[in-house]
Every structure is written in C-alpha cells, then in structure tokens.
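Undergrad: My questions all concern the structure below.
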Amino acid sequence: MKATTKERLAPWLAVIALLAIWEGTVRALNVPPFLFPGALATFEAMITFAGPISMHSWQTLWTTVVGFGLGVAVGLVLGFIIGSSRFMYRACYPLLVGFNAIPKVAFVPILVVWFGIGSVPAILTAFLICFFPIVVNVATGLATLEPELEDVLRVLGAKRLDVLLKVGLPRSLPYFFASLKVAITLAFVGTVVSETVASNQGIGYLMMSAGSQMRMPLVFAGLIVISAMAMVMYELFAVLEKRMTRWAHRGQDR
Amino acid sequence: MTATTTETPAATAAGSERAFVDFEGVSLAYDDSGNAIEDISLSIRDGEFVAIVGPSGCGKSTFMKLCTGLHGPTQGSVRVAGEPVTGPLKISGMAFQNANLLPWRTTLDNVLLPLEIVRPYRSQFRKRRAEFVGWARELLRTVGLEGYEDQFPWQLSGGMQQRASICRALIHQPKLLMLDEPFAALDAFTREELWCVLRDLWQAQRFTVVLVTHDLREAAFLADTVYVMSKRPGRIVERREIDLPRPRELETTYREPFTSLVLELRAQIGEIRGGAA
Ligand SMILES: Nc1ncnc2c1ncn2[C@@H]1O[C@H](COP(=O)(O)OP(=O)(O)O)[C@@H](O)[C@H]1O
Ligand SMILES: [Mg+2]
C-alpha cells in the first residue's frame, strides 16, 4: 500500500478502531444499555429514530448557521472598526476579553426571559459564543503592518483607508478564514447548550428529553449526529480557507 | 547666449549648484530623550548619488524620514526642489532592507501598487492599466526579472525580491530614490550584482539617490558623495566626494585607487568611533 493512501485511510481506521473498542468494552463489562449503550445499539437507535433525529438535526443546523452568519457579520464589522485604529484597539480590546470570559451559558436564562423558549435563544447563544474569535482575528490582521511598508505607502500619499484596503484587508483574510473554522464549532456548542435548557426542538432538546426517559441509545445517537455535523462544517471552512488564501499556505501544499 | 543673458554669471553659478534637497540646521527629537539627529546642513544636487554611512541608531533612517516629509524637523528647515517640505513627498520612492512585498500579489502587481495609490495615476489606473503594465514589465526587464512577472514574492530569492522592491520604488518615476540599507540582507555576490543593477538604473534615469548603508565599498562604488554620521545624536562629521571616473566597473573596487579610498574612509570612521566612545 502506498504511503499516501495509507495516510488517507488513517482517520477512517481510527474511527473503526474506536467503534470496536467502544462496542467491545461495553460487551465485555456487560454494561446495561440504559447506562452506556454500545456502538451497535446506538447505530440501531439512529436508524429507528431516523425521522425525529433528522428533524431535530435540521433545526440545530439552521439555527447554528443563522447564529454563525450573525457572528460573521458582526465579527467582521467590529473587527474592522477595532483593527483600523490604534485608539479603538486600545479602547475595546479589554472589554472584548472581559466579555469573552463570561460563560455564554449564563446568557441563556436572560435570553429566555427576553425572547421565550425556541429558536431565538439558540441563534443568539450561537452568535454570542462565536463572534469573538472572528473579531480578534480580523482586528489583529488589520492592525499588523510593518512600519517600513507603511512608510513606502505613506510617502505616496496613501490615506489610512488606502492602507486598510490594499494591505490590511487582504492580510487579515487568512486570519478571518482561520477563525471561521473555530467559530462554526463554537456556534454548534452555543446552539446545543441553549436547546438543552430553552427549547423543545433541536438535537440538544432531543438528547435532554431522551436522557430523562433513560433512552440512552438515542442520546448517544444525537451526540454522534451533532459531532458529524460540526465536523462537516469545520471541513467545509477548512477547504474554503485553503482556497481563498493559498498564498498564506505557501510551500505546504504545493 | 542672448536668450539666457538675463541671468548674471553669479546667478548662473548658483543655479547650476542649486540644491535639490537642502537641509539647513536640521535637528529632530522624537521624544524627550534628546535629539536623534542634530544640526544637519547639507545639500544634494539634482541627480546626485549620495551615500550615508554611520553606526546603527545614529539617525540614518531618521534622515530619510525628514527627506521624504514623513516626519517634520524639530529645528531647521528641509527644502526639496526649492519648496519647504510639509508632508509626504510623493516624488520620492523608498526601498528598505526587507523587501516587504505583499505575498498575495504577483511580482507585477506588487510593482504596480504605487500607481494605485499615488496621484495622478490612481484615478487613471483602470483606464491606463495596459500602459502601466507595460512600464512595470519594462522596469522588471531592466533589473533582470523578465519572466518572473507572474510569480509570487515567496517564489523569488531574496535578491530577486529586492530587485522587485526597487522596481516598486521606481514605478511612479520619482525624482528622489531613498534606499535604506537595501542590500544589507543579501549575500556578497548578489549584493554586488545589485550594485550594478542600481548603477545602471541610475545612469539611465538620473534620479537623485540617497543610499543608507553600512558597507563602505558599496558607498564608494555607487556614490558621488559620501556623508559620514556620528553616533547619536547624529551629525554629519565628514563629507567625501568620490571622484572616481564613471561608469565604474566592479573590478575597480579591488584595485587602486579605490582600495585606498575605502581604507581612508574606514580610518576616519574608526577615529569617530574611537573619539566618541
Ligand atoms: N519613531 C521613533 N520614536 C522614538 N525614537 C525613535 C523613533 N525612530 C527612531 N528613534 C530613535 O532615534 C535614533 C535614530 O534612529 P534611526 O534613524 O532609526 O537610526 P539608524 O537608521 O541610523 O539605525 C535611535 O536612537 C532610535 O531609537
Ligand atoms: Mg535604520
């Protein structure tokens, strides 16, 4: 087998190995399925409840994507504002760091009071949790400019906006796309957390209610579906990142 | 004769000697740590090639900033082309030790960047793009980068990046080329190749050059006049005209009288360092 094919198969082998160990351990120790179902029982549940699972997954997916979209929009604007002036950078950075330190779950009760239970708190939690890395990355990319390059441009009469558009913005793109990968996974976390406490739809809700009825195979099925969705989205943005900012990955994939 | 007799002989003499860059008693203090450069008076003729040498931190880059209007003097006056300098001088082009090309732009697009920014070209950029591309290609050809126009900077060697950086400094046809240790990071062979590239560009276009360097051979090989600066606060402590015939060839740098000239310069700098320390 060639080394490259081996490498390509490696992640799948790891998944299969993990599933085997999972199923093997549960069987060997004879753990009752209402505590910790094996891989097969989970897979069965996934097929039996395919209808409800896909309905709830869809709910989780679209709320996450909407929250993520909001996060990207707000993150870009805030990042641009903060990154484009030293003063704003100095002024806003501590605030942002402080805000980021708040566990976003703490916002869910507030959001429920304001918007009731349902999709809105899920969207907003996803948004709150995911916009921060985007702001930081865009701002950092914009704010870094070699003083000498600045001189080269300023002597030509370049205005602040020229420098931002010609240098800052293109330079911050790799940072931006890198942050999207992080942000989309965080957005899923936000949505699911919110769904477990403040919704009657979505994978988070499904897992919560199935758990309370001791239907553990279904809970685990939800877990796997959510991680699969997050993984696919992550890969999507990883590919997008590579496509959009080839120059930043020079030498790696040539 | 009749057409020009309106000028007196004295005025004519002054006219031919009229400074293109004129520093009069210029000092600059960035902050309250004292002057970075102090009481600098010198004048540079139109088309003159000037080299400035001096120890690190003596204010050579500061001199560049004053020349190009990126920074104003604390004392004294700076005039370029007869006008007091009040802001960034777009008739100048700059290049530094680090080529600082933009990695997402091809070599050609990097060279074109100034034309997207500087007046009056910026407003004509779309309409005259084909023409501008022609200029850039021609310039790249003269520095030996033909065929590399569509490569990205990170695909070029250090010397090639520096060539492109010099093209970027020259694309808007500046009257004043400011080079701040442009060859310092290159290996000896590449450096000497680039001396010749710069020599030929200057010989052909006759812009005024201010070259900051640590390399006395480089200064003596390229310049008409070498200025030596003291340690901080930087002052001009020596002005040396290099009257070697032009065009100069690389080989001459290994022979008399070039070698003794460099040795003399070296001795002078040794004195300054010894005296100031
Ligand atoms: N922007 C600045 N603010 C404060 N001090 C500066 C600044 N730029 C340079 N200096 C100081 O001025 C002196 C001269 O610096 P510079 O002109 O860069 O020297 P050189 O280019 O000869 O090495 C140094 O002591 C340096 O620390
Ligand atoms: Mg310097």
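Cβ coordinates are placed from backbone N, Cα and C, and glycine is handled just like the others.
TrEMBL annotations: computationally assigned, not manually curated.
The domain 'ABC transmembrane type-1' annotation in TrEMBL covers A:57-237. As annotated by TrEMBL, transmembrane segment applies to A:61-83, A:95-117, A:123-145, A:175-198, A:218-240.
So where do these features actually land, and what's packed around them?
TA: Sequence-distant contacts of the transmembrane segment (A:95-117) (same chain, six or more residues past either end, CB-CB distance under 8 Å): 82, 124-125, 128-129, 132, 135-136, 190, 193-194, 197-200.
Tertiary neighbourhood of the transmembrane segment (A:123-145): same-chain residues 63-64, 66-68, 70-72, 74-76, 78-80, 82-84, 86, 89, 93, 96, 99-100, 104-105, 107-108, 111, 115, 163-164, 167-169, 171-176, 178-180, 182-184, 186-191, 193-194, selected by CB-CB distance under 8 Å and a gap of 6+ residues from either end.
Within the same chain, residues 60, 63-65, 67-68, 71-72, 75-76, 79, 104-105, 108-109, 111-112, 117-118, 121-131, 133-134, 136-138, 140-141, 204-205, 207-208, 226, 229-230, 233-234, 237-238, 240-241, 244-245 sit at least 6 positions outside the transmembrane segment (A:175-198) and bring their C-beta atoms closer than 8 Å to a C-beta of that stretch.
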Undergrad: For the transmembrane segment (A:218-240), could you work out the same-chain residues 6 or more beyond its ends whose Cβ comes under 8 Å from its Cβ atoms?
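TA: For the transmembrane segment (A:218-240), the far contacts come to 37, 42-43, 45-46, 49, 53, 56-57, 60-61, 64, 177, 180-181, 184-185, 188, 192, 203, 206-207, 210-211.
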Undergrad: Same-chain Cβ contacts of the transmembrane segment (A:61-83) under 8 Å, 6 or more residues past its ends?
TA: 89, 92-93, 96, 119, 122-127, 130-143, 168, 172, 176, 179-180, 183-184, 187-188, 190-191, 195, 202, 229, 233
